[in-house]
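Structure first, commentary second.
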Amino acid sequence: MREESETESPSSSSTLIDDVDSKPTVAGGVRDVYGEDSATEDQFVTPWSVSVASGYSLLRDPHHNKGLAFTIRERDAHFLRGLLPPTVASQDLQVKKMMHNIRQYQVPLQKYMAMMDLQERNQRLFYKLLIDNVEELLPIVYTPTVGEACQKYGSIFMRPQGLFISLKEKGKILEVLRNWPEKNIQVVVVTDGERILGLGDLGCQGMGIPVGKLSLYTALGGIRPSACLPITIDVGTNNEKLLNDEFYIGLKQKRATGQEYAELLDEFMMAVKQNYGEKVLIQFEDFANHNAFDLLAKYGTTHLVFNDDIQGTASVVLAGLVAGQKLVGGTLADHRFLFLGAGEAGTGIAELIALEMSKQTKAPLEETRKKIWLVDSKGLIVSSRKESLQQFKKPWAHEHEPIKELVDAVKAIRPTVLIGTSGVGRTFTKEVVEAMASINEKPIILSLSNPTSQSECTAEEAYTWSQGRAIFASGSPFPPVEYDGKVFVPGQANNAYIFPGLGLGLIMSGAIRVHDDMLLAASEALAAQVSQENFDRGLIYPPFTNIRKISAHIAANVAAKAYELGLATRLSEPKDLVKYAESCMYSPAYRNYR
């Protein structure tokens, strides 16, 4: 049937609908089919949903539903009289009411479920709520609460969000992609659920991560919701608890590996490119180490791909370190770095730091890498271990005697910066932090593992054990800490600072590849947004309240780099990229209906 519909005559109704307006939106690439985005906020638009949505169906269409905000005229025009109470409420009043309701819940997972329910009922109100209350709601729709949501996804699963592509769809992936109602996709976030945050293999239940990430692409980066597609690739799970769980929603079999896995992923990557074009951004999320590096290396030269665990984490951490130089003095090259954890995040951060030092000092990359040391589960990575190391760890094997314990590595290497990406909680012990504080006047300690339970140390521990001298940031949020009469506000090295702005920059420039220099550009833009007032409070990241402005600056820097490298296809380059980025951003304000 699909082939027949695609070859219908020009007079067919589907062709007429498709050809309403073929002009690209201001953001480029995705067609503004219904004129909704090209209209100004005071102009009227038509709430299309195959046919014009009206009456009961309009109230159940999350794209167009406004609840009590429908005006009297709109209620008459769209057959809503009697289907709503007589009160007409503003969107601001709805936001106030929803925040009041959400704050009544004591359990974060209940708040998460309330937010997901709102997203399914009223999309614009969901994003308005998230944008206006980003600092309060970010930990709910993303880490740490999203981790618990993934663990319990089978039990709390109500309506499907995104696409589920399993081994059963092999040979039919292009057909599955065409089942998705939105045809003009700009960003795909995909996971296979094997390494969800620091929680391990959650299989098909990892869908909470792509859904959460794309909510942030819209709220923080201004990518339209209709241009976002969350996907979970289900190749089974090795989690015995899930395999024996009657509520588990995925394939109940051990994970496929080797050729079977590679063939499914290859079909998926080709199908996405065929269906959505060269400029669709594919973000890999929470793949296991071995697959994450292989996929990035394999498709980095043929697709617009980005791995947030490797590249996004690296970019946000580098931004914090660049900003931190204003607190500790000197340059990045003056520091020695020690990592606990040598997986995707650890090696990704290490490589980007080495690249930035090489760029600043003009020293070869091989030389700048020597300032960076990594500790994995077997101890310090040294040259005598090189033969047994995985490929991505080998560049970090330096000459040194083997050391098993982290505290001994701190004493031997004498780092100025300690970074945790191990996924193992409470590994920055009192002895480790005290050793860092004895070596440095202002030790930089980044405890990056998510969720909160897996953080290498808490903010309170870092400040207390360092006598209030540590410059601290974490992956998940911690509350302010009072020590010795002074209040310390811990920073959050959250990838949400980087990937929404990076994605917007790639899309608005029409970039066809992601280059390391774009990640450096994103880091520099984020570091530049940290104000003197933030530094005075010991912060190395700006507050999330200004995140849309921050994302616009990051997008502008990334787009400028894309044009400079000749990777941009959206010509010609706008004169003011920051203003252009802001003009491209989705607004969740309600529209007036004809």
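Note that Cβ sites are derived from N, Cα and C of the backbone, with glycine treated the same way.
It should be emphasised that the depicted structure is a prediction, and the values quoted were computed from it without experimental measurement.
Here is what TrEMBL records for this protein:
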type	residues	note
ACT_SITE	Y142	active site, proton donor
ACT_SITE	K213	active site, proton acceptor
BINDING	R195, N450, N494	(S)-malate binding site
BINDING	E285, D286, D309	divalent metal cation binding site
DOMAIN	119-300	domain 'Malic enzyme N-terminal'
DOMAIN	310-563	domain 'Malic enzyme NAD-binding'
REGION	1-30	region 'Disordered'
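For D286 (divalent metal cation binding site) paired with K213 (active site, proton acceptor), the C-alpha to C-alpha distance reads 11 Å. Every protein chain shown contributes to the tally, and the Cβ of D309 (divalent metal cation binding site) ends up with 23 other Cβ atoms within 10 Å. Counting only residues at least six positions away in the same chain, the Cβ atoms of L138, Y142, T143, V316, G475, P477, Y541, F544 sit under 8 Å from the Cβ of N494 ((S)-malate binding site). Comparing Cα positions, K213 (active site, proton acceptor) lies closest to D309 out of the binding-site residues R195, D309, N450. Most Cβ neighbours within 10 Å among the recorded positions R195, K213: this distinction goes to K213. Annotated pair R195 ((S)-malate binding site) and D309 (divalent metal cation binding site), C-alpha to C-alpha distance, rounded: 10 Å. Separation of the C-alpha atoms of E285 (divalent metal cation binding site) and N450 ((S)-malate binding site): 14 Å, rounded to the nearest whole number. Taking a C-beta cut-off of under 8 angstroms and a sequence separation of 6 or more, N450 ((S)-malate binding site) has the following same-chain neighbours: T143, P144, G147, L197, G198, G475, S476.
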